[in-house]
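What Swiss-Prot lists as active site, proton donor/acceptor is Glu133. The dCTP binding site annotation in Swiss-Prot covers Lys107, Ser108, Ser109, Tyr110, Ala111, Arg112, Gln152, Tyr166, Gln176 and is backed by sequence analysis.
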Amino acid sequence: MPIKSDRWIRRMALEHGMIEPFVDHQVRRGVISYGLTSYGYDMRVTDHFKVFTNVYNALVDPKQFDPRSFVDIRADYVDIPPNSFALAQSLEYFRIPRTVSCIVIGKSSYARCGIIINVTPLEPEWEGHVTIEISNTTPLPARIYAHEGIGQVLFLESDEPCEVSYADKKGKYQGQTGIVLPRIDP
């Protein structure tokens, strides 16, 4: 399952709409970098964040998640409380080809500050805005900047198409826009 290069990513983004909007180079000056890299794509985060709070003393249960556990914030940056987390959304909309699976890893600028990014794999034929979990592992507030890089998407291509894609199984997060909270199929 080889990793795909900048040439392949550019071609798929421009000819097949795999990444929209697409930045065909890496933007680095004065920002957390974003755009096309040698073997990946640094996606950005929007200005919409859901910051975890324990105002209602709710239990965190993925099967019965209480949306009141979050405070909605729209801003150029967000400060995540110590030892807490926020959810955010990628600026880019992704359309993953049937023979490709993607993993997302955090940006070193954030990781070196104790900020960890978690995203589950982008499966074959999944499409949507990525919901991103951002953890502040430090005992201090941690700042995240909107419209700047948040994680690098690596594209891994199989030597054959999968038998059942995310679209085929009608995955519950297919076509998601906005920040999507946990869902359980009925």
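Here the Cβ of each residue, glycine as well, is placed from N, Cα and C on the backbone.
Location within the structure of each feature annotated in Swiss-Prot.
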| residue | record | DSSP class |
| --- | --- | --- |
| Lys107 | dCTP binding site | coil |
| Glu133 | active site, proton donor/acceptor | strand |
| Gln152 | dCTP binding site | strand |
| Gln176 | dCTP binding site | strand |
Intrachain C-beta neighbours of Ala111 (dCTP binding site), sequence separation six or more, cut-off 8 angstroms: Ile117
Could you state the CA-to-CA distance between Ser109 (dCTP binding site) and Glu133 (active site, proton donor/acceptor) to the nearest Å? 16
Tell me the Cα distance separating Glu133 (active site, proton donor/acceptor) from Gln176 (dCTP binding site), rounded to the nearest angstrom. 15
State which of the following recorded positions has the fewest other Cβ atoms within 10 Å around its Cβ: Glu133, Gln152, Gln176. Glu133
Could you round the CA separation between Glu133 (active site, proton donor/acceptor) and Lys107 (dCTP binding site) to a whole angstrom and send it over? 13
Other C-beta atoms within 10 angstroms of the C-beta of Lys107 (dCTP binding site) total 20
Validating a neighbour-count step here. Other CB atoms within 10 A of the CB of Ser109 (dCTP binding site): how many? 14
Please find which two of Lys107, Ser108, Ser109, Tyr110, Ala111, Arg112, Gln152, Tyr166, Gln176 have the most distant C-alpha atoms, given that the record lists them as binding dCTP, and give only that distance in angstrom, rounded to a whole number. 34
